[in-house]
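**Student:** According to TrEMBL, the protein carries these features:
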type	residues	note
REPEAT	45-78	repeat 'TPR'
REPEAT	252-285	repeat 'TPR'
REGION	309-333	region 'Disordered'
COMPBIAS	319-333	compositional bias 'Polar residues'
Amino acid sequence: MNSLPLSNVACHENSPYSQAPEVAREQASARSLSFEQRHCLAAEAHQWLRQGIAHYQQGQYTSALSLLQQALRTYHSLRDRRGEGRVLITLTRLYYHLADYLWALDTARQAQRLAQQVGDSHMLHQALSYLGNSYRHLGNLSQALDYGHQSLTLARQVCDRTAEMCSLNNLAMVLRAQGQPQQAIAYYAQSLALARQHQERQIEIQILQNLGNTYRALGDAQNVLETYGCLLKLSTGTAAPPSAPIDLPTLGYILQTLGHACEQLGEYSKATQYWQKALALCQKLGDGRREAEILEHLGNNHDISAKTTDSLAHHQRQPDTTPLPSTLILQQD
């Protein structure tokens, strides 16, 4: 994702908290307002926040940032710490989505401080999660691991199972990046068990993808086949209860991964079935490059299957001259 549009707007001098004189004037003005005026100002801030979220969801990042900054300054002037924190988390999500990880760290730290001040565990967990994930993307794995453990501890303290499964998944990604795949698999397994227990199907799909990719990196074709087989059932709605469908390119990736795994295990007939489904999908998407790759795999599988069939036929035509063991000869009576 290209982050230039956001970076151009979000230069240092435009940071909401860098405009100290303006914020000070707003705070002084807010203190002199009546209750009704403060209520109206809070309603405006809430509306700016909602509009900012809507623009973000529509991909209009520059206007989203402007609206969110307005909301943040207003909540700050009203000393509404919870409102301020909600905006900071939304800004963090926006920066993270656009891969502006340094800005995500900045706003997440501010959200962390506010969450600790007002005792909002949900906001604090979100801030800790974004801090850990941003540090992971920036390559600071020790910090990522530290924040990951903090978020997991908090989730368990407040018995938030959804937050716990997300923290376990995030920690697994850090451990995998550190070159500890077996530990990563253990964390993924815990996260997956929680997702299944609470029927969080969309989260289950994400965890299965991460777990399957870890097995694939290890060359563990059998576990890749099992993991991606579960993923295929969930993503196509053949599992009960049905899950939210995934996008077609991801479905194509799943089918191709299953095809590769079957080939590694020597199950060429099954591999051909997966490749044929992947081929139909690529043709539907108009992806010529992947279509050519899949056709090559289908051709190779056909050649291998033909050779295997010829070999079996040749073997069956040969007379069996192997002498029977004496025990079998005695049983011919």
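Yeah, the Cβs are placed from backbone N, Cα and C, and that goes for glycine too.
TrEMBL labels come from automatic prediction, so no person has curated them.
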**Student:** Roughly where does the repeat 'TPR' (45-78) sit in mean pLDDT, to the nearest integer?
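**Tutor:** Reported value for the repeat 'TPR' (45-78) is a mean pLDDT of 96.
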**Student:** Would you mind splitting the repeat 'TPR' (45-78) into helix, strand and coil residue counts from DSSP?
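**Tutor:** So the counts come to 30 helix, 0 strand, 4 coil.
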